[in-house]
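Engineer: TrEMBL feature annotations, pasted as is:
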type	residues	note
BINDING	A:CYS142, A:HIS144, A:GLU176, A:HIS200, A:HIS396	Mn(2+) binding site
DOMAIN	A:226-299	domain 'Peptidase M20 dimerisation'
4 protein chains.
Amino acid sequence: MSVLTNDAYREFRRDLHRHPEPAWCEFYTTARIVEELRERDLTELHVGRDALSTDDRLNVPDDDELAEWERQARDDGADPDIVDDLSGGYTGCVAVVERGDGPVVGLRVDIDALPILEAEADDHVPAAEGFRSEREGFMHACGHDVHATIGLGVLDAVLDSEFDGTLKVFFQPGEEQVAGGKPMAESGHLDDVEYLYAVHIGLDHPSGEVVCGVEGFLAVRHFLAEFAGEPAHAGARPEQGRNTVQAMAAAVQNLYAIPRHADGPTRVNAGLVGGGTATNIIPEESYIEGEVRGATTELADYMSDHADRVLGSAAEMHDCEVDVSTLGEAPSATSDAALADVIGEVAGGVDGVTNIVESDDLGGSEDATFLMQAVQDNGGLACYVGVGTDHPGGHHTRTFDVVEDDVAVGIDVLAGAIRRVAETRP
Amino acid sequence: MSVLTNDAYREFRRDLHRHPEPAWCEFYTTARIVEELRERDLTELHVGRDALSTDDRLNVPDDDELAEWERQARDDGADPDIVDDLSGGYTGCVAVVERGDGPVVGLRVDIDALPILEAEADDHVPAAEGFRSEREGFMHACGHDVHATIGLGVLDAVLDSEFDGTLKVFFQPGEEQVAGGKPMAESGHLDDVEYLYAVHIGLDHPSGEVVCGVEGFLAVRHFLAEFAGEPAHAGARPEQGRNTVQAMAAAVQNLYAIPRHADGPTRVNAGLVGGGTATNIIPEESYIEGEVRGATTELADYMSDHADRVLGSAAEMHDCEVDVSTLGEAPSATSDAALADVIGEVAGGVDGVTNIVESDDLGGSEDATFLMQAVQDNGGLACYVGVGTDHPGGHHTRTFDVVEDDVAVGIDVLAGAIRRVAETRP
Amino acid sequence: MSVLTNDAYREFRRDLHRHPEPAWCEFYTTARIVEELRERDLTELHVGRDALSTDDRLNVPDDDELAEWERQARDDGADPDIVDDLSGGYTGCVAVVERGDGPVVGLRVDIDALPILEAEADDHVPAAEGFRSEREGFMHACGHDVHATIGLGVLDAVLDSEFDGTLKVFFQPGEEQVAGGKPMAESGHLDDVEYLYAVHIGLDHPSGEVVCGVEGFLAVRHFLAEFAGEPAHAGARPEQGRNTVQAMAAAVQNLYAIPRHADGPTRVNAGLVGGGTATNIIPEESYIEGEVRGATTELADYMSDHADRVLGSAAEMHDCEVDVSTLGEAPSATSDAALADVIGEVAGGVDGVTNIVESDDLGGSEDATFLMQAVQDNGGLACYVGVGTDHPGGHHTRTFDVVEDDVAVGIDVLAGAIRRVAETRP
Amino acid sequence: MSVLTNDAYREFRRDLHRHPEPAWCEFYTTARIVEELRERDLTELHVGRDALSTDDRLNVPDDDELAEWERQARDDGADPDIVDDLSGGYTGCVAVVERGDGPVVGLRVDIDALPILEAEADDHVPAAEGFRSEREGFMHACGHDVHATIGLGVLDAVLDSEFDGTLKVFFQPGEEQVAGGKPMAESGHLDDVEYLYAVHIGLDHPSGEVVCGVEGFLAVRHFLAEFAGEPAHAGARPEQGRNTVQAMAAAVQNLYAIPRHADGPTRVNAGLVGGGTATNIIPEESYIEGEVRGATTELADYMSDHADRVLGSAAEMHDCEVDVSTLGEAPSATSDAALADVIGEVAGGVDGVTNIVESDDLGGSEDATFLMQAVQDNGGLACYVGVGTDHPGGHHTRTFDVVEDDVAVGIDVLAGAIRRVAETRP
């Protein structure tokens with residue numbers, strides 16, 4: 001009793017693609033998902049505040065920005081009652097289907113978009129076929145529109161099958177800023193989940209390829225360091241300034257010079273910096289928006305502690321203050337082999353799958369790891385699955401796109417694996 | 001036969017005050033000045049391209065920005081024919097009055113404004129009396145509206161007197177960015193000037209005080225260093241980046257560390273910096289907008305040469321490129337005592353003058369020095385005059401303002417001195 | 001027909017221990033080895049210049065220092081004719097035994113010591129038993145005295161057995177500075193070696209433990225960067241200096257900040273730095289003695305290229321010159337499993353061996369890798385073997401020592417493996 | 001009743017020249033001065049501990065070094081009883097002659113030498129005439145041997161004249177390290193001094209020229225920053241180090257970048273730096289021996305405060321400790337015109353004086369300023385006098401030397417001025 005045909009899934013994905021929204025601004029996106037979910041026979045549906053540990057939200061935009069995105073969602077026809085529930089940046093939802101006494105299985109999909117201007121060329125399918133982003137400067141350039149659709153499709157497939165257990169689908173906001181994983185992991189809805197899958201489309205794997213268990217998640221912390229000093233006329237009274245650009249530069253030089261660690265890879269980047277007001281004024285304010293990573297959570301903590309030290313002493317060096325806040329974070333995690341094996345078994349029987357890869361390294365960060373770790377800490381199993389697609393542009397580029405037929409592959413593989421897990425309790 | 005009454009000068013100044021415009025965007029300002037000048041009995045009037053050495057203009061805004069300011073000038077009622085002459089950022093003008101065989105005397109006044117948001121409080125006179133800036137975010141916060149008015153008033157006073165000589169008044173654009181002095185100095189109109197005065201209101205001197213010859217001009221160069229590197233994913237492929245924020249930070253640290261010079265004061269400031277796009281991308285582009293200064297032109301050159309070296313090698317250090325351009329510059333200069341003496345003699349007889357100061361240090365930079373130096377290089381004399389006023393806020397602050405009666409003091413002192421110079425050829 | 005008893009090996013080792021000599025100064029050490037070798041029935045014996053590719057020697061001390069060590073060797077009774085052959089720092093030797101048509105098997109042992117002051121406490125065996133270093137400030141703190149003894153012992157054991165093949169023992173100077181591996185690898189004597197073993201005592205493995213194939217060699221380059229600038233009086237004429245300490249500091253900051261590499265571990269260290277002459281003189285000369293490493297030779301090259309760039313541009317930044325020279329280097333390498341397997345088989349039957357470890361990571365650098373790589377490039381096999389010993393102090397500390405009975409274990413394992421290899425050609 | 005002939009003064013100076021001694025090691029020098037003084041009819045003679053505020057001594061060498069210099073002094077024939085009084089580095093002395101009720105006039109001369117290897121060439125007079133330094137590596141390269149001789153000569157000349165007053169001659173140790181001025185200024189002997197002269201030979205003024213009142217003393221602080229961290233193997237465990245070379249480099253970069261000050265010239269120099277032990281060890285210890293200066297004591301304090309801040313936060317940045325100590329210091333000072341005028345008057349009548357210069361800038365630092373300031377703070381007058389001499393090499397170079405006839409000029413000018421001051425109380 002599938003609610004949606006393949007055409008309907010495609011239309012749904014294209015609708016989301018036309019309305020890309022960044023972290024905590026997924027008003028239209030969440031509303032559309034909830035509208036669809038309300039048509040299903042769900043046991044529970046948690047929306048907005050009910051889906052999150054609200055205090056754990058990181059890097060929430062200011063009220064004006066939230067209000068502007070909310071207004072656009074309403075203008076574009078999002079259900080106003082649902083948007084009311086999301087108001088203030090409480091986006092995302094959790095859908096629950098309980099069918100018998102079998103185990104609780106979770107699926108996590110993310111739903112946010114990126115601040116990238118989408119390509120307009122004719123060879124970019126969304127542009128050619130009329131579903132290019134309508135929010136100039138923002139784009140679903142990492143396939144989260146597809147992930148949300150897979151979430152819906154898996155729910156439908158499970159509803160339409162003999163499934164003995166409970167399925168929870170987590171539609172998570174704010175992954176791109178590693179800001180939404182923790183509030184969803186801490187929401188309480190994950191506490192009884194015994195098996196958790198997360199899924200990603202693409203990842204440089206071609207159409208037909210499935211990666212059973214992705215590894216190599218770098219633990220990460222995004223930080224914002226805001227330096228405050230004192231302005232002065234650079235010609236007449238240079239000594240009266242407290243120079244934040246000097247502090248920032250000293251910090252940058254020494255952040256990259258944090259000692260390498262013998263236990264494994266670490267990373268640091270001062271990705272976005274700025275400061276000052278005019279050539280002839282000693283710069284009063286500066287900032288670094290940066291990140292540290294590590295192959296393990298311990299290594300990321302090592303980098304984070306050193307970064308805090310460098311930032312604090314660089315400010316002190318130039319008699320400035322610095323305020324360091326965390327914009328986003330995610331731990332490291334590993335995919336459990338038992339769940340990956342299930343993917344391998346199921347994928348072999350799915351139409352369109354031509355190659356099964358046991359494992360591959362992500363080489364980046366993902367806050368699905370918060371959810372994976374929470375389940376594993378409770379004694380459960382977790383696994384991150386990759387579904388290949390021929391994507392013409394790389395992830396996070398203006399020309400990223402997917403082969404829409406691969407959405408069905410994703411739905412079939414995940415739905416099949418979830419049913420198998422409920423049966424076999426691996 | 002004064003064309004304007006004191007009331008009219010006040011209205012003229014307030015009109016300019018309501019329409020502050022930055023360098024090369026002084027469309028309304030120049031048009032209003034030219035409208036007034038056309039009503040005088042001038043020998044010559046050079047406008048726009050005819051008033052400048054156009055190739056020497058520095059830091060001209062891009063076409064869109066110029067067009068926007070030009071549009072506003074037209075909207076606010078500037079004479080469209082005059083604005084046509086200024087189109088493309090060719091602002092400023094030179095007025096010439098030839099009366100007999102006496103010497104050629106020049107007066108330089110500047111006309112541009114600053115990117116500062118003007119105060120709105122009731123104790124800020126322009127706000128209280130309805131002539132606060134109508135260009136939000138821009139403000140005549142250094143009194144160039146007064147300078148332009150003094151230029152007009154001196155012209156009127158000389159026209160109205162027995163004057164045996166030639167008077168040239170230089171209405172110069174772009175002083176705040178030390179961008180307009182050179183193109184006006186190189187225009188050719190200065191070539192026959194034997195005596196040159198420049199004037200500034202305020203400078204922390206109270207109403208009633210006149211500074212005969214200002215000294216202490218720091219030679220200055222404003223520069224823009226644009227670093228170009230290569231982006232890369234900071235987690236997955238850090239080694240593939242060429243990191244411009246590292247280059248920028250190395251440059252900042254070493255710019256401030258350029259060795260002090262035993263011959264006199266030097267200055268350096270990285271006043272405005274920025275770089276990068278996102279926390280997880282190795283930053284591909286960065287910039288420093290900065291300045292160097294010296295008590296003499298040689299000292300400023302010393303700093304500038306070292307800054308170029310630091311910027312170039314910092315880029316090289318991180319395998320980046322850097323393009324360094326000059327946004328503005330001005331040499332050092334000194335006021336000739338003979339001309340300052342004339343001011344002292346004349347000021348003693350001017351109503352409202354209560355204190356005469358022989359000399360004081362500016363402690364900053366000014367591109368009037370280009371014109372002063374040009375005249376002095378030709379064997380002439382030059383002098384920079386300060387006219388005090390009780391200004392509630394400091395120069396370049398939101399609450400800067402002048403006592404309007406002091407405009408008349410400025411006109412009388414300068415007009416008197418110019419007539420005296422023509423008579424006495426000091 | 002063993003020439004030496006176990007007691008004799010112990011005495012030999014203690015004699016070397018009393019006379020520790022650094023790179024290219026192993027006059028006494030080489031002379032004593034050669035004296036012993038001359039008593040054996042060798043096919044060939046190559047000493048000094050004949051044992052090395054002399055042009056490839058790195059970091060050779062200056063003539064005065066060489067002469068002083070040479071003098072001490074003679075004073076301590078080294079054979080003067082042999083020392084004549086070594087004069088000028090041409091230390092080390094290669095012993096060849098040809099027995100039948102079997103394969104050519106090599107054994108590489110290193111013979112140099114460290115600039116460390118040996119412990120004097122009673123619980124330090126060499127002090128208690130009277131064979132503490134007689135060269136104050138130098139010490140066999142890494143067991144190369146044992147390695148030389150093992151080289152001799154293996155030669156004896158092979159001479160004393162049915163061995164069908166050719167054995168070459170390489171007594172290599174200058175390992176501690178990774179300075180001697182390349183000249184020995186390029187000597188020509190390695191060209192026909194089909195199987196090569198190298199051996200190290202200790203490595204944090206206890207007595208009774210044998211590591212069949214050591215891995216994890218970091219490729220390394222030691223470099224010396226010498227900065228040259230211009231002095232000046234720091235009070236009177238700071239601008240006339242060209243400041244090498246500023247250049248050095250800029251280099252240090254940016255060396256540690258060379259981007260991490262996704263392909264594997266890298267290292268950098270400015271281990272020894274200095275500069276300047278007096279507080280009031282702009283420092284004319286400075287230096288950095290440092291190193292870069294990588295898990296692979298490519299990664300070490302990446303670091304080395306970046307280091308060269310940083311050093312060059314840091315000098316340029318402060319208008320200085322820099323001369324960068326290589327003091328030592330070694331590639332990465334891996335142990336061939338086939339040879340490691342032979343060790344495992346043989347060690348099982350050796351008295352005193354209680355635990356066999358297949359593989360362990362060195363976590364450092366070694367220039368045996370030059371010889372290993374040369375053999376492997378010729379199609380041969382190479383393997384680095386660890387022989388455990390309970391060492392009270394860590395390697396490179398003042399209290400390092402070995403259990404002397406473990407020397408016999410090393411001899412038996414290596415000699416057994418070499419015979420087995422000649423038989424089985426694995 | 002002059003004790004010494006001109007020849008005797010020359011021999012005395014040459015004796016000191018042959019025995020140059022650095023700060024707090026002037027055992028031979030002080031002993032020879034005291035021997036001479038004991039032959040005069042002095043009112044008081046304070047030696048060693050009695051001549052100094054002993055707690056204020058800075059940068060005293062360690063006991064071994066003091067003992068070695070003391071031993072050499074005894075070997076070279078210094079009076080053993082006097083050396084006993086100086087033992088422990090309590091060098092210098094104060095001679096007092098009281099003659100009637102006139103004012104107390106002081107003369108300060110310094111007596112220490114420099115760590116410079118004296119030239120050996122034939123055109124270097126001390127080498128040619130056999131009084132080159134007998135302490136290899138040390139040299140009277142700034143004429144303090146001459147100053148001590150002038151001190152003695154002035155005393156003789158005053159003793160030999162009608163002098164109504166008290167003369168105190170301060171033979172001060174440790175000027176080259178600005179370490180001896182304060183302990184002598186705080187000794188109590190200066191408390192009743194109403195007029196103080198200090199004198200320097202040379203200063204780039206030729207023979208026959210006298211500078212009446214030297215100006216331009218930069219206040220100075222010499223500091224030693226010692227960084228302590230934690231060593232670690234740079235290949236195996238880089239993260240376990242606390243890297244003092246990184247701390248030192250960060251400090252150097254930011255020391256030179258301390259903001260310039262609008263009130264006047266400032267200086268900073270990291271003149272002597274070092275750190276680390278080996279290329280492969282994270283460097284555990286590092287140091288900076290540096291200096292800051294300012295045109296006024298306030299400016300030097302500004303620099304010193306900022307330097308302390310930079311050093312402390314640079315250590316903190318790399319989790320190291322730093323200990324910053326003061327090696328030497330001196331305030332700024334000015335010469336009183338009234339005393340300079342006396343020099344001008346007297347010098348006109350002195351044989352050999354051909355040119356009188358009112359004032360000149362030192363452009364460096366001197367701790368005579370401690371004594372000058374102390375006198376001035378008590379309401380007295382002070383003046384620093386320059387006595388020209390044709391010196392072939394610059395001050396602080398290997399070929400520095402003086403024209404010995406100019407010693408008499410110095411004696412005559414100073415003695416004459418002191419007598420005139422006692423008479424006229426200017």
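Every residue gets a Cβ built from N, Cα and C, even glycine.
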Engineer: Just jot down the residues in the same chain as A:GLU176 (Mn(2+) binding site), at least 6 apart in sequence, with C-beta under 8 A of its C-beta; none if empty.
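Structural biologist: Listed in sequence order: A:PRO22, A:ALA23, A:ASP112, A:ALA113, A:LEU114, A:CYS142, A:HIS144.
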Engineer: Using DSSP, how many residues in the domain 'Peptidase M20 dimerisation' (A:226-299) fall into helix, strand and coil?
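Structural biologist: Here the numbers are 18 helix, 28 strand, 28 coil.
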Engineer: Identify, in sequence order, the residues in the chain of A:HIS396 (Mn(2+) binding site) that are 6 or more apart from it along the sequence and have a CB within less than 8 Å of its CB; answer 'none' if there are none.
Structural biologist: A:LEU114, A:ILE116, A:ALA141, A:CYS142
Engineer: Could you tell me the mean pLDDT over the domain 'Peptidase M20 dimerisation' (A:226-299), as a whole number?
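Structural biologist: Overall, the domain 'Peptidase M20 dimerisation' (A:226-299) comes to a mean pLDDT of 96.
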Engineer: When DSSP states are folded down to helix, strand and coil, where does A:HIS200 (Mn(2+) binding site) land?
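Structural biologist: SS state of A:HIS200 (Mn(2+) binding site) = strand.
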Engineer: For A:HIS144 (Mn(2+) binding site), what is the secondary structure state per DSSP, taken as helix, strand or coil?
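Structural biologist: A:HIS144 (Mn(2+) binding site) sits in a helix per DSSP.
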Engineer: For A:HIS200 (Mn(2+) binding site), what is the tally of other C-beta atoms lying within 10 angstroms of its C-beta?
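Structural biologist: Excluding its own Cβ, A:HIS200 (Mn(2+) binding site) sees 26 Cβ atoms within 10 Å.
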Engineer: Name them in sequence order: residues not among A:CYS142, A:HIS144, A:GLU176, A:HIS200, A:HIS396 whose Cβ is within 8 Å of the mean position of the Cβ atoms defining the Mn(2+) site.
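Structural biologist: Going along the sequence, the neighbours come out as A:ASP110, A:ASP112, A:ALA113, A:LEU114, A:HIS140, A:ALA141, A:GLY143, A:GLU175, A:HIS395.
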Engineer: So if I draw a 10 Å sphere around the Cβ of A:CYS142 (Mn(2+) binding site), how many other Cβ atoms end up inside it?
Structural biologist: 25
